[in-house]
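What TrEMBL says about this protein:
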- 21-480: domain 'Major facilitator superfamily (MFS) profile' (DOMAIN)
- 21-44: transmembrane segment (TRANSMEM)
- 64-85: transmembrane segment (TRANSMEM)
- 117-137: transmembrane segment (TRANSMEM)
- 149-168: transmembrane segment (TRANSMEM)
- 174-195: transmembrane segment (TRANSMEM)
- 286-304: transmembrane segment (TRANSMEM)
- 324-344: transmembrane segment (TRANSMEM)
- 351-372: transmembrane segment (TRANSMEM)
- 392-414: transmembrane segment (TRANSMEM)
- 426-446: transmembrane segment (TRANSMEM)
- 458-476: transmembrane segment (TRANSMEM)
Amino acid sequence: MTENGDEMKPLSRSRVVLSQVFACLALDFLLVGLGMSISFVTVVLPEVMDAKEGLSINKEQASWFASMAFLCQPIGSIFSGPLLDYFGRRKALFLVNIPHVIAWLLMYYAWNVQSLFIGNALLGIGIGIMESPSVTYIGEVTDPSLRGFLTTLTNGFTSAGMFVVYLLGTVLPWRQAALVSLSVPLATMALVLLVPETPIWLLSKGLQEEALRSLCRLRGWTKPEHVKEEFEQLLQYHDVIKQCVICAKEGRSETDHCKHSNYNIIKRIIFKIKHILLVKETLRPFALVMAYFFFHTFSGLHPVRPNMVNFCKALGMKYDSKTIVVVVGAVFIVMNITAAIIVKMTGKRKLVIGSLLATAFCSLGISVYASSKIPASVFSYEADTFPEAKETLPIILFMALVCFTSLGIPWALVTEVFPFRSRGTATGLAAALNYFIFFLATKTNYNLEATIHISGTFAIYSALTFIGTVYMYFFLPETEKKTLAQIEDYYKGNRKIFADDFLINAFRKEKGVNLEANKPMLVS
């Protein structure tokens, strides 16, 4: 019923869904640009490595160029948290495009090796700044029933950006491809002007009326009475998170007289680190997502991605390696969309564990193939060692690896596991460490392959991923269809049973854990 006593008409579900999809439109363009930035080195590297004309880099420089963006991404990630909290999610989505505008122009006009490296470094910094606003925004504007689908679907837009760059690399010189790529951040900046700020951030700034209008817009362009219950829950959640954490622990409810609010900047930083970041509701999910990032990155595909064109040649694949790379981009899009559908049916936990296990077997298959079919002299960073391109089996193995890797959803977890107080900073730190892991993976790939061949390298990747599968099985909770408040509450508690899984529940029951206390986090 409305305040006037009239019967309130139920909202169309399609309208609710469309409003949230439209709100994520600018974010989707941002992620297309992110995918293009991540993959651009794959287009440039084979063209400039030992090139006889124009810019040319040697093998050692190529190794650094391939990993340069990942090395610089943590710099951007560190700044993304404060940017997110100070300017808000919407303005942050606008500002993060500026480094990429400069980077694409610099890549287009690159006049020497140094300018090429600087352009790639700026792409990396831009990627690092982008991650936290993008994953935070979608986590805060979507309702629990759509969050899993929409956060998983974002991987598809990142993959679309990768596909576009791979395709551009087959039809345009890399400089022209960089110029075309410039259009994406410019379009994103225009689209961001059309999306609303997140309600929870507006509440954190005391803008209650603006927060209500934003929520109405995000729930089907509706009236306040339709979102009254959800808005009251947001207000309750905001009342909890705005309290001083120390005063709350001491049982005080009045925040106006809190002495901690008068701290200087140094004490505030120390306070935030000690009482907001170094607490179990932040540390527990942080450790979990970092473990997943590590195992997902070292599962096999990501370490060779910058050198993918030459890697395909080193395996003796039958077809043109540039065409194979374009197909890889298309497969990523299809499988990311598939993951978004699967997560609605199985939840995140089963998808994560299943994809890790499958990639472990794929990397093992590539290792076995390389040890039996690829000569020890073959090195993917030396073109004159490549075998004859005539084999079909490595294409099948590699595409299987691509398929199962693209089912991974690390960023979907990041969107929802951190509490609001630490979300911006924790997400930025997680992104920074993730890209440092990417840097280690891509940089060490050169050294591993030079030392123990492709077969030994992928044997290590396979072993790490098997370990990761076991780890995630025992420690990853099921968060699908849970509100952000429920997830935060889970990480605050001491509950050990967190999934509707017969084997793990039996194991925990033997340890004497009370199952009844943990039912709220079981899969619904």
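FYI, residue positions are counted from 1 along the chain as it appears here.
Using N, Cα and C of the backbone, Cβ positions are placed for all residues, glycine too.
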### Query
Counting only residues 6+ away from its ends, which parts of the chain sit with a Cβ under 8 Å from the transmembrane segment (392-414)?
131, 135, 148, 151-152, 154-155, 159, 285, 288-289, 292-293, 296, 299-302, 312, 315-319, 324, 327-328, 331-332, 335-336, 338-339, 342-343, 348, 351-352, 354-356, 358-359, 362-363, 365-366, 369, 373, 427, 430-431, 434, 479
### Task
Could you pull out which residues elsewhere in the chain have a CB under 8 Å from any CB of the transmembrane segment (64-85), counting only those six or more residues past its ends?
37-38, 41, 44-45, 48, 57, 92, 95-96, 99, 116-117, 120-133, 136, 306-307, 424-436, 438-439, 441-443, 446
### Summary
If one takes Cβ-Cβ under 8 Å and requires six or more residues beyond its ends, the residues near the transmembrane segment (21-44) are 65-66, 68-69, 93, 96-97, 100, 103, 107, 116, 120, 123-124, 126-127, 130-131, 134, 137-138, 141-142, 150, 154, 157-166, 168-169, 174, 177-178, 181, 184-185, 187-188, 191-192, 194-196, 217-218, 305-309, 325, 329
### Message
So, taking each listed stretch (149-168, 426-446, 458-476) in turn and counting its Cβ pairs to the transmembrane segment (286-304) that are under 8 angstroms, which one gives the highest count?
### Response
458-476
### Query
Would the transmembrane segment (117-137) count as touching the transmembrane segment (426-446), i.e. at least 3 C-beta pairs under 8 angstroms with sequence separation of 6+?
yes
#### Entry: Spatial neighbours of the transmembrane segment (351-372) far in sequence, C-beta under 8 Å, 6+ residues away
292, 295-296, 299-301, 315, 339, 342-343, 393-394, 397-398, 400-401, 404-405, 407-409, 413, 453-459, 461-462, 465-466, 468-469, 472-473, 476
#### Entry: Model confidence over the domain 'Major facilitator superfamily (MFS) profile' (21-480), averaged pLDDT
84
